[in-house]
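K.L.:
So that we are looking at the same thing, I have put the structure below in structure tokens.
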Amino acid sequence: MVVILTLSATHLSQSQAATDDPLVTQAEESPQNWPAHGRTYNEHRYSPLNQINTETIGRLKLAWSSNFDTNRGQEGTPLVVNGILYATTNWSKVRAYDGASGKLLWSYDSQVPGPSAVRGCCDTVNRGAAYWNDKIFVGTFDNRLIALDAKTGHKIWEVDTIPKDAWLGDIRSYITDGAPRVAKGIVMIGNGGAEFGVRGFVSGFDAETGALKWRFYTTPNRSNQPDHAASDAPLMTIAYRTWGPHGAWIHSGGGGTVWDSIVYDPQTDLVYLGVGNGSPWNYKQRSDGIGDNLFLGSIVAIRPETGEYVWHFQETPQDQWDYTSTQHIMTADLEINGKKRHVLLHAPKNGFFYIVDAQTGEFISARNYVPVNWAKEIDPVTGRPNIVPDALYSLTGKPWAGLPGDLGGHNFAAMSYSAQTGLVYIPAQQIPMVFTPDAHPLKHKGLNLGISMQGLPDDPAIRDGFLKTLTGWLIAWDPKQQKEIFRVDHRGPWNGGLLSTGGNLIFQGLANGEFHAYDARNGADLFNFNAQSGIIAPPISYEVNGKQYIAVETGWGGIYPLLMGRTALSSGWTVNHSRLLVFALDGTAELPPQNDRGMIPVKPPEQFDAQQAAAGYQLYETFCQVCHGDNALSGGVLPDLRWSGAIHHLAGFQNVVGRGALTAYGMARFDDILSRQDIEKIRQFLIKRANETYAREVAARANPQNIPQGRAITE
Ligand SMILES: O=C(O)c1cc(C(=O)O)c2c(n1)C(=O)C(=O)c1cc(C(=O)O)[nH]c1-2
Ligand SMILES: [Ca+2]
């Protein structure tokens, strides 16, 4: 009898272990932890801890820091469980620290192959891990999902999340950089790649074994056949007829990647997927200009155990602006018009702040949180945008300057909601984009947008005009009134995500390398720390042995500086120093002396072939710009090719660009798509740009620190 009882007790605890982990599901009970991406399932990114507060903030100092081994964009949200901090870094690596002392307990390198970098649009970033039942789950840039033992960092299981036999379009340029989420023993993960050509989907895996439980595709099967997936019914009955049957999507896969927000809500028992943009962007090319293209630009609600479809709400029909709905989704209980409602709060790229019923997907309201010109309004009854005809550039065939631009009114930088103030804090930005339709046949490597990739000309007047339009600010938004309460202006766009705390503080790292705390009630600036590197990641807070800590990853990067190049440094001159910074009251640590020189100009060869260089510009903007910056001006993360030793020698440049001499560092080889002549044209273009800009870059550094000063920074 005793034996049987013992057995069944063991059995019970094992099966419970599989479907519940109170550390995560009851995170509200342990304010000292940050056990899930948004701390609690509601994704508020609010820590109730209040030792660091508006009174004590003056004593906040660096407690410890740790250098990462990748100086690229760091977008990770660390997790903290019972005093151990788990951080993910660029190239999908994981590090576990003693949260109090900063001692490194273990590190795990998922060994992402360098050449996979070129398969993604936006830096080899990673946004975080998930914790469940003593395991840490991380998605890797080459699309593996890995379960690690949280104590040792040893691998428990690993799966390839991309099915070999499914219809995924012809290009299949997948990457994974979002944080997995766990609910009811199922680990869920999506992917990115819609700028190149993929069919978006989310998978659910058994957290204990890695066995696939379900898969949900976000765009239809091109022949409207079953995929034998959870999404079959809604795709075949609802979505397929919203696509032009002969559009380019039948080659690209249509896009709709779920590359960031996946949210489980215990109250509705639903999982909300934030679905991305169309592939290619050009809607005329993608879908013959026909239909709304479900489930692009939508929130889709599914069941956690089965992936079964429940409802969807499309925010951006006919997407042609990269207006993803992947941005941070929160759940909240609000009193709206005298009625208690359980809702989703969402500020997608398209610039409107949406409130949607969490149970049914019913549209409640929307109001623009940044300046918007693509839609006159959101219909107050249907929730459908009233799109301005000129904004449909792929149909008019004419260039159109969009607000928001392709990088959105806010992007991956997380919001925060404080129930204490009733405000949602949004890391908002304005980066306009001119969309010029240019529908090339789809390539198997490189961007497939169906728009012109030409960037800004090197004309100071045009550059200055554009720079004036670039802004970034923190918005405190009252969702009940759908209105801005106050704002904090920053120097430019692309600032970090937000944390709010029980100490009535909001924390934010900035693109210019400062880390701030503001009063959550009025935005007063209460703390400013020189973090030595642009910050794009969101802070977290935790407690160990009665002491409250604030942690944030530093490391300038992501798509904005890679693609926009030098223009992005108008948010503040910054050199990437990738680290974890941890603050506490009366901390005594210091950062090493600052090095702000960045990439130093090197005298280029004097001769170049003007004709080849002109052709090289087009090739550069198509294949190189997305990482090395518009018009060969680097944004301070990846090498500035004007000063590269490789441009001095034809053979050396061919080796790097054509034959992959630097693939280990993430530089792809291009001999499968560029001829030797093409590569030489790019080299000639780089020599030309180096000559055009060398003197002014040297002049800009003519000061004792050797750091570009003033206006010269963005030249
Ligand atoms: O369509 C996609 O599949 C996709 C993926 C990603 C990504 O996974 O990083 C981004 C985007 N789109 C995107 O549009 C975007 O603005 C963006 C910014 C970033 C970043 O980390 O800096 N990623 C992405
Ligand atoms: Ca995108």
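Keep in mind that glycine also has a Cβ here, set from the backbone N, Cα and C atoms.
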K.L.:
Look at the Ca(2+) binding annotation in TrEMBL, where Glu195, Asp322 are given, and name the residue from Asn143, Asn277, Asn368, Asn373 listed for that site too.
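P.N.:
Between Asn143, Asn277, Asn368, Asn373, TrEMBL records just one in the Ca(2+) site with Glu195, Asp322, namely Asn277.
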K.L.:
Of Arg127, Lys349, His628, the binding-site residues given in the record, which has the fewest other CB atoms within 10 A of its CB?
P.N.:
Arg127
K.L.:
Across the listed heme c-binding residues, Cys624, Cys627, His628, Met667, what is the farthest Cα to Cα distance, given in whole Å?
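P.N.:
Between the most distant Cα atoms of the heme c site, 11 Å.
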K.L.:
Just give the helix, strand and coil counts over the domain 'Cytochrome c' (611-690), going by DSSP.
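P.N.:
When I sort the residues of the domain 'Cytochrome c' (611-690) into the three classes, I find 54 helix, 0 strand, 26 coil.
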K.L.:
Return the members of Cys122, Arg127, Met667 (the recorded positions) with CB less than 6 angstroms from at least one atom of ligand 2, or none.
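P.N.:
Cβ under 6 Å from ligand 2: none.
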K.L.:
Using a Cβ cut-off under 8 Å and a sequence separation of 6 or more, which residues in the same chain sit near Met667 (heme c binding site)?
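P.N.:
Once residues fewer than 6 apart are set aside, Met667 (heme c binding site) is near Gly114, Ala117, Val656, Gly660, Ala661.
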K.L.:
I want to verify one value. Collapsing DSSP to three states, which class is Glu195 (Ca(2+) binding site)?
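P.N.:
Note: Glu195 (Ca(2+) binding site) is coil by DSSP, not helix or strand.
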K.L.:
I want to check the contact list for Asp322 (Ca(2+) binding site): same chain, sequence separation of six or more, C-beta distance under 8 angstroms. What comes out?
P.N.:
Glu195, Asn277, Trp281, Lys349, Asp406, Leu407, Gly408
K.L.:
Out of Cys121, Cys122, Cys624, Cys627, His628, point to the one nearest Gly193 (pyrroloquinoline quinone binding site) in space (Cα versus Cα); all of them are recorded positions in the record.
P.N.:
Cys121
